[in-house]
Amino acid sequence: MAWVLKMDEVIESGLVHDFDASLSGIGQELGAGAYSMSDVLALPIFKQEDSSLPQENETKHPPFQYVMCAATSPAVKLYDETLTYLNQGQSYEIRMLDNRKAGDIPEINGKLVKSIIRVVFHDRRLQYTEHQQLEGWKWNRPGDRLLDLDIPMSVGVIDIKTNPSQLNAVEFLWDPTKCTSAFIQVHCISTEFTPRKHGGEKGVPFRIQVDTFKQTENGEYTDHLHSASCQIKVFKPKGADRKQKTDREKMEKRTAHEKEKYQPSYDTTVLTECSPWPDTPTTFVNNSPTPAPAFTSAQHNTYSVPDSNSSSPNHQGDGSSQGSGDQLHPSATIQETQQWLLKHRFSTYTRLFSNFSGADLLKLTREDLVQICGPADGIRLYNALKSRSVRPRLTIYVCQEPLRSLQLERQDAGNGDSSNGAIYVYHAIYLEEMAASEVTRKLALAFNIPLHQINQVYRQGPTGIHILVNDQMVQNFQDESCFLFTTIKAENGEGFHIILK
C-alpha cells in the first residue's frame, strides 16, 4: 500500500512539472518580439481558409505590349513615370507584341485587330482645351499633321487610315501572330504649346497612347481590348539627343547615394497600361463600304503599304514617258484633282486643297508650295505637277530592220518625183540600269516580243561576228547610240536571238 502511495506522489509531481514546463513557454510564444501574424496564418487551420481568398497581389497579364525604340531619360525619380525624348519628324519604331498566354482571348486567333495611335497632352489643363490648342496649331501649320505613320518603314500594318479632322491620330489593322512594327513621326514640338518659349526642356510633355480593339459581330472594330501609353517630350531635330546627353552628364556628377533615387536609362520605352481614350472608334473612322470615294464630303483618307514596284514616285514600268493619266491637266475638276493628289501620295493635303481645281493647283509657284507644304513635300509636289521624271542613265535608239510589208513610200514634194525608199522608224529605249537584262526587257516591251522567247542578245562586230551583250558592254555604250536589230531562230528551235547592228 505504501508502494502505491509513493507511485501516486511520483506521478503527481511529474504531471505538475510537465504542466509548469508547458506554461513556461507561453510568455515567450506570445512575446512582442517573437510574435508574427504570418507565422500564425501559416498554421494548417488557416491554410485552407487563406487559399479560398482572392489573390489581390496577382498582377494582371496584359494581352498586348507596345515597345517604342527610344531611350528613356536617366533624370527621372525612382517612382515617377518614365520620360522619353523624341526628335521632331524622326521615325521611331513601336513594336506591337502579342503578349497573350495560351487560351487568352481565343476569339481573335487568326483575325486582325485594330490599333489607334495618338499623341495627346499629358497635362490635364491642356487636355480640357485640346480642341482649341490643336486648332491654333493647325492655323499656324497649314497642311501639317501632329502625327504621321512612316508607311515605307512600317511592317505588318494593313489598311492605314488618317482622319483630316484628327491630326493627332492614325489607325491601322494588324495580325497579332505576325511581326508588326509601326514607325511614327511626331511633327509638333513641346514648346509650341507654351506661352514663353525657352527651349525644349521647358516645353509641355505629351503622351503616346495606343488603343487596340477587336472586331464585333457587325464587322466594326469597337470592342476594346487593351490600352497603353508613355510620356514624351518632343524637341527640334537633334535636340532630343542633346537633352539626353545633358541628363546623362548630370547624373554622372551625382554621388552614388543620390543616383539610387533615380531610375536607370533603358534603351527602349515600354508603354504602360492605361484607360482607353474617351473617343470611340466609330467617330474616328466610318467602316461602311463605299463604292467610290466622294472627295467633296470625305472625312478620312485610306492608304495601303506600297509594294516594291510602286514605292517610287518616278517608277515607270517601261521605258516610255508618263502617260496622260499621271499629269494634272488645267481642266481637271476638284474631284479629279483630289484623286490625283491621292494617287501621287499627297493625301495629307487633300483637305487643304479641297477646293482647288487643276488650274488652281497648277498656278501655284514653287515658293508657294514650299511655304504651304514644307520644303520636302513642297518640292515633291512641284516636280509632280510639272511631270519631272528622273533622267535615264542611258538612251539608245533601236529599229527593227524593215520588211517589204513595212516599207513606207516617201514622195519628194519639191520636184514631184517619187521614190520608194524605206523609212527606218526608231524606238527610244531609256535605261535606268546599265545591265544587259535591262536591254533585253526594254526591247521586249518596245517591240511586243515575249520576253521568255528571247534567248540571247548579240552585237554584230567586225567581219560580222556575234558578240554577246553583257553588263560591261552596256556600260560602254555611247549615249544616244543607234542600232538596227534582226532576229534569228535559236539552234535548239526554241525561241530566237536578237542581233544588234
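The backbone N, Cα and C atoms fix where each Cβ goes, glycine too.
Here TrEMBL flags 238-262 as compositional bias 'Basic and acidic residues'. Positions annotated as compositional bias 'Polar residues' by TrEMBL: 280-289, 296-315. The feature compositional bias 'Low complexity' is assigned by TrEMBL to 316-327. For 60-297, the entry in TrEMBL reads domain 'Grh/CP2 DB'. The region 'Disordered' annotation in TrEMBL covers 232-330.
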Residues of the parent chain within Cβ reach of the compositional bias 'Basic and acidic residues' (238-262), under 8 Å, 6 or more residues beyond its termini: 71, 73-78, 85-88, 200-201
Model confidence over the domain 'Grh/CP2 DB' (60-297), averaged pLDDT: 84
DSSP-derived helix, strand and coil totals, residue by residue, for the compositional bias 'Basic and acidic residues' (238-262): 18 helix, 1 strand, 6 coil
